[in-house]
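TrEMBL annotations:
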type	residues	note
ACT_SITE	A:TYR111	active site
ACT_SITE	A:ASP149	active site, proton donor/acceptor
ACT_SITE	A:HIS247	active site, proton acceptor
BINDING	A:ASN7, A:GLU34, A:ASP149, A:ASN151, A:ASP246, A:HIS247	Mg(2+) binding site
DOMAIN	A:4-247	domain 'Endonuclease/exonuclease/phosphatase'
REGION	A:239-284	region 'Disordered'
SITE	A:ASN151	site 'Transition state stabilizer'
SITE	A:ASP217	site 'Important for catalytic activity'
SITE	A:HIS247	site 'Interaction with DNA substrate'
Amino acid sequence: MRIATWNVNSAKQRLPRMMPWLAERKPDVVCLQETKLSDVAFGELFGEPLAALGYEFAHHGEGQWNGVALLSRVGLVDVRPGFPGQPDFGGRSEARAVSATCGGIRVYSLYVPNGRVVGSDHYAYKLDWLDALAADVAAGPAELALCGDMNIAPSDADVFDPAAYVGQTHVTAPERERLAALGLTDVVRKRWPAERVFSYWDYRAGMFHQDLGMRIDLVLTSTSVADRVAAAWVDRAARKGTGPSDHAPVIVDLDEAPDGDIGPVVPPPSNPKRGGRTRLPQAR
DNA sequence: ATGCCTAGGTATCCTAGA
């Protein structure tokens, strides 16, 4: 099963990039963020083209800002917009989370608040929002994948220049502590433990061309899901060319779930003709 | 240079993104 997450920065503007990408990458489940559409507008724009590719969808939007969606062709059940205890901002609930069960996994599409300025009301909102999310995750099912624009770089390795981010949101200890407190596995970092991997590059000043970015779009899974990861990567090709989002998709491939009937995995017997261990060729 | 893009909405500039 292939799961992808992509902050598209306006689904309406990105439609010419999204549909060919879906046809090429063929993800089974897609988490979208920053659709910037109402539910009605998303359905009008994407309903028919998604159905033609075999996707069901669940969209949770406002219109102007935010907006998240789930696309699936492996089932889409128990759809839930938002999560219990999700805080408001400015007295209004924002469309930043939608979850559903797809292919046996509880999948969340998340657009974590930006935080704007450290110490601001929006920053406090971001931390509260993450606390409430952690409480929901702790109460949730074991097969879990939190996907989306977390607006947090998990470590200094996830920004192009840590010195440039001192005092900025996305890198502060309170944000990182809350990300870690979710208790999930960052499957792209696990797969590429020491590599330079970014998922967002500012549109300005040739940042993408110079690979000056941040890794803030994450797939965080429970251990049972992390153990099935066969591939995990950032699809940088989707950030190239004409009219891209400023974020690239993150793609994760999972092996089939163990069905419980195959019994313990037994290592193959050694070859008796060789009398034990196979030896590597020896250097002279 | 607190900018350099991009998007949405209202309107020909503002907010927001990160």
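All residue numbers here begin at 1 and follow the chain in the order shown.
Every residue, even glycine, has its Cβ placed from backbone N, Cα and C.
Just so you know, TrEMBL annotations never went through curation; they're auto-generated.
Among the recorded positions A:TYR111, A:ASP217, A:HIS247, the ones whose Cα sits within 10 Å of the Cα of A:ASN151 (Mg(2+) binding site) are A:TYR111, A:ASP217. Other C-beta atoms found within 10 angstroms of the C-beta of A:ASN151 (Mg(2+) binding site) number 24, with every protein chain shown included.
Each residue contributes its Cα atom, and for A:GLU34 (Mg(2+) binding site) and the residue listed as 'active site, proton donor/acceptor' those atoms are 9 Å apart. Across the domain 'Endonuclease/exonuclease/phosphatase' (A:4-247), the model assigns an average pLDDT of 97. Comparing CA positions across the active-site residues A:TYR111, A:ASP149, A:HIS247, the one lying closest to A:ASP217 (site 'Important for catalytic activity') turns out to be A:ASP149.
Annotated pair the residue listed as 'active site, proton acceptor' and A:ASP149 (active site, proton donor/acceptor), C-alpha to C-alpha distance, rounded: 9 Å. A 10 Å radius around the C-alpha of A:ASP149 (active site, proton donor/acceptor) takes in these recorded positions out of A:ASN7, A:TYR111, A:ASP246, in sequence order: A:ASN7, A:TYR111. In the three-state DSSP classification, A:GLU34 (Mg(2+) binding site) falls within coil.
Cβ-based neighbour count (10 Å, all protein chains) for the residue listed as 'active site, proton acceptor' stands at 25.
For A:ASP246 (Mg(2+) binding site), the same-chain residues lying six or more positions away in sequence with a CB closer than 8 A to its CB are A:ASN7, A:ASN9, A:TYR200, A:TRP201, A:ASP202, A:TYR203, A:ARG239. Using the Cβ center of A:ASN7, A:GLU34, A:ASP149, A:ASN151, A:ASP246, A:HIS247 for Mg(2+), the list of other same-chain residues with Cβ within 8 Å runs, in sequence order, A:ASN9, A:GLN33, A:TYR111, A:TYR200, A:ILE216, A:ASP217, A:SER245.
In sequence order, A:ASN7, A:GLN33, A:GLU34, A:ASN66, A:GLY67, A:VAL68, A:ALA95, A:ARG96, A:ALA97, A:GLY148, A:ASP149, A:ASN151 make up the list of same-chain residues 6 or more apart from A:TYR111 (active site) whose Cβ falls under 8 Å from its Cβ. Other Cβ atoms within 10 Å of the Cβ of A:GLU34 (Mg(2+) binding site) number 25 in total over all chains. Considering other CB atoms within 10 Å as the measure, the emptiest surroundings among the recorded positions A:ASP149, A:ASP217 are those of A:ASP217.
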